[in-house]
Amino acid sequence: MVGGPFYTVHLGRKDGLISKASHAEESLPRTNMTMDQMLDLFKLRGFTAREFVALMGGHTIGFSHCKEFADRLYHFSKTTPTDPDFNPKYAAALKTFCANYTKDSTMSAFNDVLTPGKFDNMYYQNLPRGLGLLITDSLLFKDPRTTPFVELYAQDQSAFFSDFSHAMEKLSLLDIKTGSQGEVRNSPKDYDYGKLGICAPFCHFQFKKEFYVIYIN
């Protein structure tokens, strides 16, 4: 529906015997991480800087809640409230839209402001224009360890698609559980998530989501 590359999805992966939200928090990159922390996190899992930058290209679609980038808009520093790496018009539009984010936590903006419904390399083209939504997006273009790959993918969509496909397939094979390390569940209901205080994938929520496309002239 949104285009993009194809990659092999291997079947037969087992579910873990333990499912805790805290474990996921420890393993996932956060929007407030430094580039050193991000690269180290991926390096520990066997990914190179190039593979990391390729995976970040997933931000070409999807959205982020205002709270994830609000500090860049309103509290960047004592002397500079808004991150100067932002395109000024983009920052102004985001500040207006997210002004009520503390009262409405569902307010969200697209990660790729120009082609949010298309899986392409526009995400990388946005970064030097100051159109990276998250601080980690902005750092990709500023750090000399990652800048060359940002520039490569911005110029060559085929290279991005190829590298993204390989990195995604590699990610899908990370920490495979074999034998008694995992189990096969026919349904998420086969595991008692409730006793862990987290919600199973089949839980239902009702909430309001708002998405805005902000155009930069």
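Glycine is no exception: its Cβ is also placed from the backbone N, Cα and C atoms.
Automatic prediction, not curation, is the source of TrEMBL annotations.
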TrEMBL annotation, disulfide partner among Cys98, Cys199 for Cys66:
Cys98
Distance check, please: Cα of Cys66 (disulfide bond) against Cα of Thr115 (Ca(2+) binding site), rounded to an integer number of angstrom.
19
Using C-alpha positions only, work out which of the recorded positions Pro29, His59, Cys98 is nearest to Asp120 (Ca(2+) binding site).
His59
How many other Cβ atoms are found within 10 Å of the Cβ atom of Asp120 (Ca(2+) binding site), counting all protein chains shown?
19
